[in-house]
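Asks: This is the feature table in Swiss-Prot:
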SIGNAL    1-25  signal peptide
BINDING   Lys33, Lys62, Gly63, Leu64, Asn65, Thr66  substrate binding site
ACT_SITE  His38  active site, proton acceptor
CARBOHYD  Asn41  N-linked glycosylation site
DISULFID  Cys47-Cys106  disulfide bond
DISULFID  Cys61-Cys118  disulfide bond
DISULFID  Cys79-Cys133  disulfide bond
DISULFID  Cys86-Cys94  disulfide bond
CARBOHYD  Asn96  N-linked glycosylation site
CARBOHYD  Asn107  N-linked glycosylation site
CARBOHYD  Asn114  N-linked glycosylation site
ACT_SITE  His150  active site, proton donor
Amino acid sequence: MGPKLLESRLCLLLLLGLVLMLASCLGQTPSQKFAIQHINNNTNLQCNVEMMRINRARRTCKGLNTFLHTSFANAVGVCGNPSGLCSDKRSQNCHNSSSRVHITVCNITSRATNYTQCRYQSRRSLEYYTVACDPRTPQDSPMYPVVPVHLDGTF
């Protein structure tokens, strides 16, 4: 009885470890990645600081990134607007915002071998934006059935 109990506990421990390992491999959902890369309510953000955070996850310097100064909930609301053709000319899940928001565009000015050393310039403006939306994943909040997953452009 002793060896079987030890064996079953070991199997349970291995199974728990496997579940935890799989959960950590799942990483961010597409909507979480969208929020991290494009939603920032700070209209005075510093591109060098914010892009270092994004580049850390990528392990390389991103050349261009647009931050929308709005909430994730407002971006989700855009998913309720009529859908249309995305800039890739294939996808039909793009939605235009009905109001303009402040944006900051960070454009790389100095690319470095080490992603922490890249430098950016900022351009601020007030623009409409287009997001691609998909049904939420099981890891996303059930609060929103459809979520933004890609910033398709500004205009």
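Even glycines carry a Cβ here, placed using N, Cα and C.
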Asks: Would you pick out, from the recorded positions Asn65, Asn107, the residue whose Cβ has the largest number of other Cβ atoms within 10 Å?
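Replies: Neighbour-count leader: Asn65.
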Asks: Reported as an integer number of Å, what is the Cα distance between Cys61 (disulfide bond) and Lys33 (substrate binding site)?
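Replies: That separation, Cα to Cα, works out to 16 Å.
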Asks: Between all pairs in Lys33, Lys62, Gly63, Leu64, Asn65, Thr66 (listed as substrate binders), what's the biggest Cα distance, rounded to the nearest Å?
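Replies: Pairwise Cα check on Lys33, Lys62, Gly63, Leu64, Asn65, Thr66 gives a maximum of 17 Å.
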Asks: If you measure from the Cα of the residue listed as 'active site, proton donor', which of the recorded positions Asn41, Cys94, Asn96, Asn107 is the nearest?
Replies: Cys94
Asks: In the structure shown, with every protein chain counted, which of the recorded positions Lys62, Cys86, Asn96, Cys106 has the densest set of Cβ atoms within 10 angstroms of its Cβ?
Replies: Cys106
Asks: Compute the C-alpha separation of His38 (active site, proton acceptor) from Gly63 (substrate binding site), stating it in Å without decimals.
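Replies: Pair distance, Cα basis, whole Å: 14 Å.
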Asks: Report the same-chain neighbours of Cys133 (disulfide bond): residues 6+ apart in sequence with Cβ closer than 8 Å to its Cβ, ordered by sequence.
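Replies: In sequence order, the residues whose Cβ lies under 8 Å from that of Cys133 (disulfide bond) (at least 6 apart) are Val78, Cys79, Ser83, Asn93, Cys94, His95, Val146, Val147, Pro148, Val149.
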Asks: Which of the recorded positions Asn41, Cys47, Cys86, Asn96, Cys106 has its Cα closest in space to the Cα of Thr66 (substrate binding site)?
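Replies: Nearest in space to Thr66 (substrate binding site), counting only the recorded positions, is Cys106.
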